[in-house]
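As written in TrEMBL, here are the features:
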ACT_SITE  C181  active site, nucleophile
BINDING   R36, I37, R106, S149, N345  NAD(+) binding site
BINDING   S180, C181, T182, T211, T240, G241, R263  D-glyceraldehyde 3-phosphate binding site
DOMAIN    27-181  domain 'Glyceraldehyde 3-phosphate dehydrogenase NAD(P) binding'
SITE      H208  site 'Activates thiol group during catalysis'
Amino acid sequence: MAPLIDNNVPSFPSTVAGTNFRFSAASKIGINGFGRIGRNVLRASLLRSDVDVVAINHTCATAKDLIHLIRFDSTLGSMHPGIRIVIENEHLITVGGKHIRLISERDPKNIDWHSLGIDYVVESTGKFTKRSAALEHVTLGRARRVIISAPNSDSSAYVFGVNSDKYFPDEDNNVISCASCTTNCVTPVLKVLNDNFGVEQGLLTTVHASTQSQNVLDGYNKKNPRLGRTVFDNIIPTTTGAAKAIATVLPELQGRITGVSIRVPTPSVSMIDLTVDTTKPTSLKEILDAFQLASKTYLAGVLSVCEEELFSSDFKGNPSSAVVDAAACIELNSQFFKMIAWYDNEWGYSNRLLDLAVLLNKGAREYLQYDHCQDVIYYSRKAELLMV
């Protein structure tokens, strides 16, 4: 088995994780919204040579305030002191030798992405999740494509490695969704199970880290009263959109999977608990062997397998969408199994956003013609160049 952590990985790989496909030009990206996902996307981009963040649209008062958010992070850790950050002026900074334009616009229709040399916008404000709103980045801002970092009911959703081979760069796909972090975790697991053994039905529980939508102190939440309670002292049952989203990514599983979310008072790293009935009789060993094969071939860099008995903090900074916990998976009988998989709901998801941006840049057919078995890249979970 390949190790979960390999400190011999090159710091700035010239390939997308899990591929040996070399790119002639980096995807030029603009980040709209510099919250949790926006900041993770920026840091993740510094580890890659196939993407460049060219501009950030933010709501900070000054460039100095934004730099503080880049340098210091309670979850990610402080930026490595070797990464030099310079304020050129209030509208331009340099991070690790890369120039990044700063914009402060509340309305996306006022941003001319094209004039900044940007092709793809990562829409991470959490506000412009409808296609009509996100489309303004294209129609008025003249960006080529928009990737929404949230589930979206009126745009196509692509989970990298699962249904991203179906992407076609036509006008209907100028705004796409990266689905949710939980969907990005559970669908690779389901794909392996369904492709190899068939899935008759399943129940999903995601044990999910707290998010900014929850309250620090007890208050009111109009969508869900439970989410109005303090995040610190409570384990909170709620709904998850991932159960419905599974069918949009894996339509063959329509009506076969449902689930719930349990919010827990941790800042990052979540876990799925997936119980399935398989069509074919099999064994836990055969299932884990199938995950191992997928992790080294067609899902390399997206799904990985861990045989060590670890816990949530050990998966901080892990770039995989899903890390199958081999020691925690169990078998009741030859057709009834429980799968456990971990995911850094910020870092792993942000890496998939960047993978989609690269896919958009090259087109799905060209991008997917590589030998998955070669050049598999494993990152240190602490992403050592960016964190101390």
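Yeah, the Cβs are placed from backbone N, Cα and C, and that goes for glycine too.
Counting Cβ atoms from all protein chains shown, R263 (D-glyceraldehyde 3-phosphate binding site) has 24 others lying within 10 Å of its own Cβ. Residues belonging to the domain 'Glyceraldehyde 3-phosphate dehydrogenase NAD(P) binding' (27-181) score a mean pLDDT of 94 in the model. In space, C181 is the closest of the recorded positions C181, T240, G241 to N345 (NAD(+) binding site), judged by Cα positions. Taken over all pairs of the listed NAD(+)-binding residues (R36, I37, R106, S149, N345), the Cα spread reaches a maximum of 26 Å, rounded to the nearest whole number. If you compare every pair of Cα atoms in S180, C181, T182, T211, T240, G241, R263, the residues listed for D-glyceraldehyde 3-phosphate, the longest distance is 15 angstrom. Residue environment of S149 (NAD(+) binding site) contains 30 other Cβ atoms, counted within 10 Å of its Cβ in all protein chains. Fewest Cβ neighbours within 10 Å among the recorded positions R36, R106, H208: this applies to R106.
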